[in-house]
Amino acid sequence: MLPLLLSVSLMGSAAASASAQRPRSVITRGDGYLHATVNAILGVPALNKRAAAVEAEVVGQKGGTRYGIDIGVGTPAQPLTLIIDTGSPDMWVNPRCDTTYQPSECLSYPMFDYTRSSTLQVSGFADVLRYGSGNVTIDYVTDTVTIGSAKITNQIFGIGFDSFNIPLGILGLSPALASATTSPYPFVLDTLVDQGIIKSRAFSLDLRSITEPAGAVVFGGIDKSKFSGSLTRVPMLDPSVTPGGTNRYWITLTGIGLTFPDGTADRSGAIEVPVFPDSGGTLSQLPTPIFQAFEVFPTAQFDPKSGFWIIDCRVLDQPGTVDFYFGSKRIAVPYRDFAWHLDDGSCVLGVQPTDDEPVLGDSFLRAAYVVHDQDNRALHLAQAASCRASQNIITIGSGANAVPSGIVGDCPEVEAPTATAGGIDATATRKPTNIFSGNSPDVTGIGAGPGPAGGRASTT
């Protein structure tokens, strides 16, 4: 028996029967990989948890701020859309729409009706998953999960019967948060390997620019047509040295910089900041000294009321970049992808301060091609690009060299400018010198995204 589900989840399913027509994920299966398009989802964005102190309706230029994948659940398969989240490990379905910040959007998506599945099994276990600005109480079940033509049998996942502030279910792709070696149960990435669909717990993620709404996730593969230059291996940090001791995709950020529209560039001195890429978070959350260093961004003025850097929207049409360094690897984020238009016509930078868990959210990931290799505890980074219409996918193998060294993308590499080292001070905490003196933008509610505050909170 599933307590409370009959009265809550099925009500949501009935309300979603008139769901709007949206582009569905296109999923292809190759030898040892699954390629699935990831669609930007329109509507009020889900922003990282540290921005939850204020609540604003912020919309990305030309579209979505969450990234969804379409899968099937149950027998026969029922189509669902889930948020791709590299910041949490669990899969769950059926948020409670009346307690989310956007009930109409939530209700426009179909929900899973467990009574229609002939293969569902009840586990008898429940849990509370806590995220940055919300939470969900779930019952664990096992059932068939379909991704394109690939069927995963007996997958453990959660069915929500109470949730707050989360508009869609989540497909988590992070490691188990509490351990560097073991999972409390097989997550979707584990099961894909265990059932021979992919060869190791590895996938690549390409979220695309805000002007190109369809990105992709490739389970077990790398698409060389979607990046330029070489993939650079960056080791994941051991949980013993990460903020809060969590086992996420933590890597070390070694510098930040700006390339200005005239081609000149500044960068910080050497820093060592643990960060993790989080596809479930809209904004990037960086330590206070780094956040304050963005005062050198063209036209930036700090608005103490909203906590944002306000910028002239016309800057977003200029050819500058925000630069992130990981050792020798530079990821350059175009101005237009690192900022947001507000409903009142003003624009803000896609970064907020945190002295807790620094996160590289979608405002970074739209410019990065990231291969996540859990088995070898490494990320492989390259500059996202798109230079051919067809895919050029190579399969990720198994073992220590599952992601071969020296992979070079098909797209031509753009030469990095010579940056003045130390031109940006990213270490000293100071008061902003550029203070916004106009009317504060309409930042009255920033929702928080599915980036988790602690993962699995309890099991009963």
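Note: Cβ is positioned from N, Cα and C throughout, glycine not excepted.
What TrEMBL lists as signal peptide is 1-20.
Residues or ranges marked as domain 'Peptidase A1' in TrEMBL: 67-382.
Every protein chain shown contributes to the tally, and the Cβ of D85 (active site) ends up with 26 other Cβ atoms within 10 Å. As annotated by TrEMBL, active site applies to D85 (among others).
Taken from TrEMBL, the feature active site covers D278 (among others).
All protein chains included, C347 (disulfide bond) registers 22 other Cβ atoms within 10 Å of its own Cβ. Residues annotated as disulfide bond in TrEMBL: C313-C347.
The annotation region 'Disordered' is assigned in TrEMBL to 429-460.
Counting in whole angstrom, C313 (disulfide bond) lies 26 from D278 (active site) by their C-alpha atoms.
Between the recorded positions D278, C313, D278 has the most other Cβ atoms inside 10 Å of its own Cβ, all protein chains included.
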